[in-house]
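Trainee: After the structure tokens below, expect a handful of questions from me.
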């Protein structure tokens, strides 16, 4: 009797036909890489990584300037409209691609191998951006260390780097509020500190003669790469924990700067200048283009970072909800940053007795000249300066993590057996290579090269890549099939809003941006320096190279097939046999038993055995199977 009871309680044996490779122990079937590829250790890891990736330096030094130059508060109308038309749909599309396939920017093009060149173009763009972006982080580290003094070094004139034009603007107004001196022909100490000491740009004759390496910048760049490497050492398992600090702490500092800023005299003057609506600007096409550009680059669509992060999710992660949290949170952060910046600029303009528009700048000019100068006018100026640059450091590091993780993931997914066991070594080699490439940015003329990279590395080439991705997924792969994949993954199909944006509105908006950027092309410049023709040509070729990778990839894909040209083209545009969810238990309908070494005829049986019954996702899978069967019957 006991023997019969023991037999009854013994774990039932599952037939081999119903076992997935993960159930079969250590059998080497060359199939699923999800186990050793790695995953987020929690849902918040992914969400905070996306927030940290999107909320970057551009939210602080580009959005406020674009807002006040394009209609103030009225700019929010085209901004949120472009967010709805372009930002949210493309963000969701990229997350869906990554999560459904669990693949990086190169391997994800199993969806349509004809367009794999778009993935290679993504890698080229993100590689160039990562090189100069870390140089900006090196500048931030330089100022961060410089703030660890009792007196900020850019507070006074009289240093060896200052010229006769240097004039301390602090407190230079008379009792009536008018300036006793004409400041138009003078230079602030903070501006000379930036250009003559940090950059030492006077040691260069232009982009063709970069001069000597600035060893203090070289060491700061080395430190920046060491920090990045240590944070991505174990892939998303390590960077996913770092973002708990780097993605949340900037909000605390931003709140402190905002509270300090609005309590300063003259703060309302700056805020009023920032948000006063000028609705006549909405009649200008430039304002709408600027809003679309701000959305496009702020969310980081097309760089592969979103796709990479989503590829480490579980198959049923609710990225629909995450899309709205991140995109709307990014927009709100930009607006709050504008209040923090312009409240201090309003105080600064009152102290100097000049209009706000004479002290407001965008980009590095705001971060390394204007705002540091404003810090010198505050009590405990080193403390506020340290907080500001520490905020910039944490904002920049999140984005840099994404850039490096995108490159490492894309290449290791292409060569998993060779590189995945040595991912740490490969990540280190990538960091060393990019550090060496960035050394030219640490020279006296390094800023010229940084401006060239900033203007051309992710300009029209990135727009072409995103347009290609959108059209390949919706037109070649098929909008119905893509929506069915999302249904399988999330339990519902995207509505009319997403379909209309993916099919028409988003590509049309991106095409308009591309045409505008070409028609309104302006040569690069830095201050009064104009770049020579050869440098302009180099920049254009830099942008064209990423575009040319798309037809080059098409040529390679077609040549790999057999038959006539049209037959090859058709075969190369179809999804690969192993396209679909990485885990066999998630593969239903057309994806059943398409993995190498697959033995399970119906993954739903695996689900039932594993979870003890039919779940909502199995119901979804049954619905998808029924839809596919109905489509096949209607075609016969």
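For all residues, glycine too, the Cβ spot is worked out from N, Cα and C.
Quick paste from TrEMBL:
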- 52, 55, 59, 298, 330, 395, 398, 399: Na(+) binding site (BINDING)
- 157-166: disulfide bond (DISULFID)
- 46-64: transmembrane segment (TRANSMEM)
- 76-97: transmembrane segment (TRANSMEM)
- 118-145: transmembrane segment (TRANSMEM)
- 213-233: transmembrane segment (TRANSMEM)
- 242-268: transmembrane segment (TRANSMEM)
- 288-312: transmembrane segment (TRANSMEM)
- 324-348: transmembrane segment (TRANSMEM)
- 383-404: transmembrane segment (TRANSMEM)
- 424-450: transmembrane segment (TRANSMEM)
- 456-477: transmembrane segment (TRANSMEM)
- 497-519: transmembrane segment (TRANSMEM)
- 539-559: transmembrane segment (TRANSMEM)
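Give me the local environment of each listed feature.
Mentor: Less than 8 angstroms from the CB of residue 59 (Na(+) binding site) sit 298, 330, 333, 334, 337, 395, each of them six or more residues away in the same chain.
Residues 67, 108, 111, 282, 287-288, 290-292, 294-296, 299, 301-302, 306-307, 309-310, 319-320, 322-324, 326-327, 331, 335, 466, 469-470, 473, 482, 485-486, 489, 494, 497-498, 501-502, 505-506, 509-510 of the same chain lie 6+ residues outside the transmembrane segment (76-97) yet bring a C-beta within less than 8 angstroms of a C-beta in it.
Beyond the ends of the transmembrane segment (118-145), by six or more residues, the same chain brings 57, 105-109, 198, 216-217, 220-221, 223-225, 228, 302-305, 364, 367-368, 372, 385-386, 389-390, 392-393, 396-397, 399-400, 403-404, 406-407, 410-411, 434, 437-438, 441-442, 446, 449-450, 453-454, 457-458, 461-462, 464-465, 468-469, 472, 542, 545-547, 549-550, 552-553 to within a C-beta distance below 8 angstroms of the stretch.
Tertiary proximity for the transmembrane segment (213-233) is limited to same-chain residues at least six positions away from its ends with a CB under 8 Å from its CB atoms, namely 134-135, 137-139, 141-142, 145, 198-200, 239, 242, 397, 400-401, 404-405, 408, 424, 427-428, 431-432, 434-435, 438-439, 441-444, 446.
Sequence-distant contacts of the transmembrane segment (288-312), counting only residues of its own chain at least 6 positions beyond either end whose CB sits under 8 Å from a CB of the stretch, comprise 37-40, 46, 49-50, 53-54, 56, 58-59, 62-63, 66, 70, 75, 78-79, 81-83, 86-87, 90-91, 94-99, 101-105, 108, 119, 122-123, 125-126, 129, 236, 282, 319, 326-327, 330, 334, 399, 402-403, 405-406, 409-410, 458, 462-463, 465-466, 469, 509-510, 512-513, 516.
Away from its own ends, the transmembrane segment (324-348) comes close to residues 47, 50-51, 54-55, 59-60, 63-64, 67-68, 76, 79-80, 83, 87-88, 91, 251, 254, 257-258, 261-262, 264-275, 294, 298-299, 356, 359-360, 366, 370-371, 373-374, 377 of its chain (Cβ-Cβ under 8 Å, at least six residues beyond either end).
For the transmembrane segment (383-404), the residues of the chain that approach it from at least six positions outside its boundaries are 49, 51-53, 55-57, 59-60, 126-127, 129-130, 133-134, 136-137, 140-141, 143-144, 147-148, 152, 224, 227-228, 231-232, 239, 242-243, 245-247, 249-250, 253-254, 256-257, 260, 300, 303, 305, 308-309, 367, 371-372, 375, 427, 430-431, judged by C-beta separation under 8 angstroms.
Remote same-chain partners of the transmembrane segment (456-477), defined as residues 6 or more beyond its termini with a Cβ less than 8 Å from a stretch Cβ, comprise 90, 93-94, 97, 111-112, 114-115, 118, 121-122, 125, 128-129, 132, 296-297, 301-303, 502-503, 506-507, 510-511, 513-514, 517-518, 524, 539-540, 542-547, 550, 573, 575.
Sequence-distant neighbours of the transmembrane segment (497-519) (same chain, 6+ residues past either end, Cβ-Cβ under 8 Å): 82, 85-86, 88-90, 92-93, 285, 289, 292-293, 296, 459-460, 463-464, 466-467, 470-471, 473-474, 479, 483.
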Trainee: Taking the center of the Cβ atoms of 52, 55, 59, 298, 330, 395, 398, 399 at the recorded Na(+) site, which other residues in this chain have a Cβ no more than 8 Å from that point?
Mentor: 51, 53, 54, 56, 57, 58, 333
Trainee: Can you tell me which parts of the same chain pack against the transmembrane segment (424-450), counting only residues 6+ beyond its ends and a CB-CB cutoff under 8 A?
Mentor: 127, 130-132, 134-136, 138, 199-207, 209-214, 217-218, 221-222, 225, 228-229, 232-234, 404, 407-408, 411-412, 526, 529, 531, 535
Trainee: At the Cα level, what's the spacing in Å between residue 399 (Na(+) binding site) and residue 166 (disulfide bond), rounded?
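Mentor: Answer for this pair: 36 Å between alpha carbons.
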Trainee: Where residue 166 (disulfide bond) and residue 55 (Na(+) binding site) are concerned, what is their Cα separation in Å, rounded?
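Mentor: The Cα atom of residue 166 (disulfide bond) is 35 Å away from the Cα atom of residue 55 (Na(+) binding site).
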Trainee: Rounded to a whole number, how many Å is the Cα of residue 398 (Na(+) binding site) away from the Cα of residue 157 (disulfide bond)?
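Mentor: Here the two Cα atoms are 36 Å apart.
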Trainee: Looking only at 55, 157, the recorded positions on record, which one has the least crowded Cβ, with the fewest other Cβ atoms within 10 Å?
Mentor: 157
